[in-house]
Amino acid sequence: MTNPTKPIPLNFDKPRRFMPPKHFADLSADERIDALKELGLPKFRANQIARHYYGRLEADPSTMTDLPAAAREKVKDALFPQLMQPVRAVQADDGETQKTLWKLHDGTLLESVLMRYPNRATLCISSQAGCGMACPFCATGQGGLDRNLSTGEIVDQVRAASATMQAEGGRLSNIVFMGMGEPLANYKRVVSAVRQITAPVPEGFGISQRNVTVSTVGLAPAIRKLADEDLSVTLAVSLHTPDDELRNTLVPTNNRWEVAEVLDAARYYADRSGRRVSIEYALIRDVNDQGWRADMLGKKLHKALGPLVHVNLIPLNPTPGSKWDASPMDRQKEFVQRVIAQGVTCTVRDTRGQEIAAACGQLAAEER
């Protein structure tokens, strides 16, 4: 990890690499019909192909046997470029957590994490290759931004994990945009992916909007824009401290949108969506874990969001080269109690995948 005393710059809009060829999942319903028409195929084939992709979780048209044999190769070449190739999959938590490293068409790397629980299966997906938000305690942020992912690259992470769960006799039930990247910095493609994830087959995978979480470091205008999409996904705001002075360092976007503006936007989202906002808070020993910060956090959240908020405390996950580590257990417990005392619910999140660098803030997509 880059030395936190030498901050890297924010990067919102200057990815260094090229986007992949257009994929079926990148196209609207009308665009799919037009693309098939150019191949000499009738429009009903678009629905047929969608049922294979979203319903049967097939990404190779050669397996779509209800398509004419002569059409399968055409469809594959025109609409199903290979977006991702698995490089490596590593497991933790007795096989219940699996981190997959993917190589994209241009050599860019990304990671996704599948977490199996007794009553659900959650996929943590990436929205960008790398991240431009430059948070000094996060391995992804310190690695910088390669490029935005296409809608197809985001959606295909979900299809691949859904196929894995289906092969095991299970079902992928939850999606969290908490992998690599700032989702709201790739706004249009992320919203398109959310709609495909949550639409019923054959328009999408049929995962409930209430089981989808979109995280952000606090891009206030984009939070308000998301609220106006009339979605009911959970918004998770990575706050990490309630005071602007420290947050300017921990979350550099705070120099553009301060805590009050972020919380105002979060309240707007809660009011429009009817959903409780999740506040993510990485507890860092002797940095942001003081009792007075817990009091301030609880007071600010209660004032801004009332009952429409829950705090997830995340003991800082170790990253290579970082000078920081997690708060001790007794301080975690005190922090929880002091936030709750201000009328805000608060829990310490169960951390999965730490030993394989699959936990929050650890994804670095390294080919090692």
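Indices start at 1 and increase along the chain as displayed.
Using N, Cα and C of the backbone, Cβ positions are placed for all residues, glycine too.
Feature annotation from Swiss-Prot assigns active site, proton acceptor to E111; the stated evidence is sequence analysis. Positions annotated as domain 'Radical SAM core' by Swiss-Prot, on the basis of sequence analysis: 117-355. The feature disulfide bond is assigned by Swiss-Prot to C124-C360. Annotation source Swiss-Prot lists [4Fe-4S] cluster binding site at C131, C135, C138, citing sequence analysis. Feature annotation from Swiss-Prot assigns S-adenosyl-L-methionine binding site to G181, E182, S215, S238, L239, H240, N317. Residues or ranges marked as active site, S-methylcysteine intermediate by Swiss-Prot: C360.
With a cut-off of 8 Å between CB atoms and residues at least 6 apart in sequence, the same chain places V176, F177, M178, P183, L235, A236, V237, S238, E280 near S215 (S-adenosyl-L-methionine binding site), listed in sequence order. In the set E111, C124, G181, E182, L239, H240, none of the recorded positions has a C-alpha within 10 Å of the C-alpha of C138 ([4Fe-4S] cluster binding site). Within the group of binding-site residues (S238, N317), the Cβ with the highest number of other Cβ atoms inside 10 Å belongs to S238.
Around the Cβ of E182 (S-adenosyl-L-methionine binding site), 30 further Cβ atoms fall within 10 Å across all displayed protein chains. Checking the recorded positions (E111, C124, C131) against H240 (S-adenosyl-L-methionine binding site) with a 10 Å Cα-Cα cut-off leaves nothing. Cα distances from L239 (S-adenosyl-L-methionine binding site) to the recorded positions C124, C131, C135 are smallest for C135. Applying an 8 A CB threshold to same-chain residues 6+ apart, the list for G181 (S-adenosyl-L-methionine binding site) reads S126, S127, Q128, A129, G130, C131, T140, L145, N148, L149. Nothing from the recorded positions E111, C124, C135 places its Cα within 10 Å of the Cα belonging to N317 (S-adenosyl-L-methionine binding site). In this entry, S-adenosyl-L-methionine is bound by G181, E182, S215, S238, L239, H240, N317, whose most widely separated C-alpha atoms sit 18 angstrom apart. When the Cα atoms are compared, E182 (S-adenosyl-L-methionine binding site) and E111 (active site, proton acceptor) turn out to be 14 Å apart. The distance from the Cα of C135 ([4Fe-4S] cluster binding site) to the Cα of E111 (active site, proton acceptor) comes to 18 Å.
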